[in-house]
């Protein structure tokens, strides 16, 4: 008669299909064995700049000679703020900048495989899930990109349904996660969704960065109970946490205490109180052990003062007791190194196969992908398009504003006449259309800024290539959001304004506005990619467009600008758009009533411009067809250049912490 807690025998080929090194060569093993992660002499240093006027580079040690072992179960990393717990977690998960990092992280006694970041799970502190999608759709996205294409769809759906059931998300499986504009699921359900995204690959090792942050005590307890159940299935769960309550603390199997980058305890969580008592720090009755440990480390516990008094009375020390935090941490660190628990850990580390071989910390490696570029492109484009439709504030609202603005401008410039005023108004409205296309494209700065954390997490986890993400976003988000407003704007305005009544002129104007929008959006991407704050990129875009307006050809005649500044006109997006629109509208037009365009005579007033051709010549615009199309060629070249810059910035973006 078996119980639900009995160990389940699973063939190794089925259990450890993520490619992690195995501890033995037996054909079967219990789930409770799992994978063992060990770390040897981990030291991490970073260079920080200090000073206001004179910036000096100072090396700061974040982690100092950390050794330990994480077995299947709940492995908690605890410590005060700035103690190094998140840094240690990132090092173990192979997500830390390799510069300044030394030491070895082994899996079952062997070096971490190149695809370790892809086959292990990592749940970030700030849940990075697409809020406009449902819980099921987010899991489907993870399954589509992280599971091999050889796996059939019904098998992927079965795994998704199993995870939803295991995480208790059945009631909200088809509910949207939620955004700042859309009401969604609760914080605990959102956290479980993030965990489910990582469980898709059935990882044997799961990392979580402060999984209880932002959750109330009851929800946090529920999340840890879920992790405890998962650990009993043979998973090695490693997480950082800050001040857990006792009901959570008693779930821990292993506890790692860090302070100022030094290891003050690493061993079974239930032996921690006994260990601190042997060091002279006794936990008060009814005190939370986790709070007690942090109080001792911070030096503000009554146990610390009692310990100092005992040391003074018993040892009759002549030196004054230190009042700062550092001596307490140093004493605890030295006591741990000389303790029996450290000796047991050291012996266990030495017994691991391959532990004596010094591998050295490997450099940052690119993720290994299980799907093709086209497969990734299709799913990224699909998710981006769903996100666009599920976010009406960014899609529908923009189209409505475009229609309203078009009607207002059409009413102001309604039915332009063929006279001097009509010529002036035509130039004015064409200039407005060009600049409006530029400034309305500033919203493109959010394309890669808002999803920066999401992109970095998914890229490191092996969801997709940088190229797949870039082109998928451009195809599904950038193109339609700039294409449709331009088409609507042209259709609403063209006939209200009474512009040139030819089919060619209509579509040339539409094409020109589309090209201007694409170029301005590409420039926005080139400036904003890699930025963390939208407002900075928006400010830079606005300043750039204001300077470009000066060289558009309306506010100042470009032929009158000095040669030392005239070269700036070739970098002006509005100039190319405005020039093309003027050529399209003014060529062959007559603006003097009764004047014959075919007549070579001039107007009675030699200072008057009676034809569109004269106006174009006065503006320095060529009358040949190349005078029109060279502007579109220039815009196309700028699009290619700006998108290339954006892609390279995304490619070389710092993707590790």
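Even glycines carry a Cβ here, placed using N, Cα and C.
Comparing 316, 596 with the features listed in Swiss-Prot, the residue bearing the annotation N-linked glycosylation site is 596. Topology check against Swiss-Prot: residue 428 and residue 451 fall in different compartments relative to the membrane.
It is 394-414, from the ranges 331-351, 352-372, 373-393, 394-414, that Swiss-Prot records as transmembrane segment. Taken residue by residue, the topological domain 'Extracellular' (499-506) breaks down under DSSP into 4 helix, 0 strand, 4 coil. Under DSSP, residue 592 (disulfide bond) is assigned to coil, being neither helix nor strand in the three-state scheme. In this view, residue 592 (disulfide bond) is surrounded by 19 other Cβ atoms within 10 Å of its Cβ, with every protein chain counted. Secondary structure of the topological domain 'Extracellular' (415-428), assigned with DSSP and counted as helix (H, G, I), strand (E, B) and coil, comes to 9 helix, 0 strand, 5 coil.
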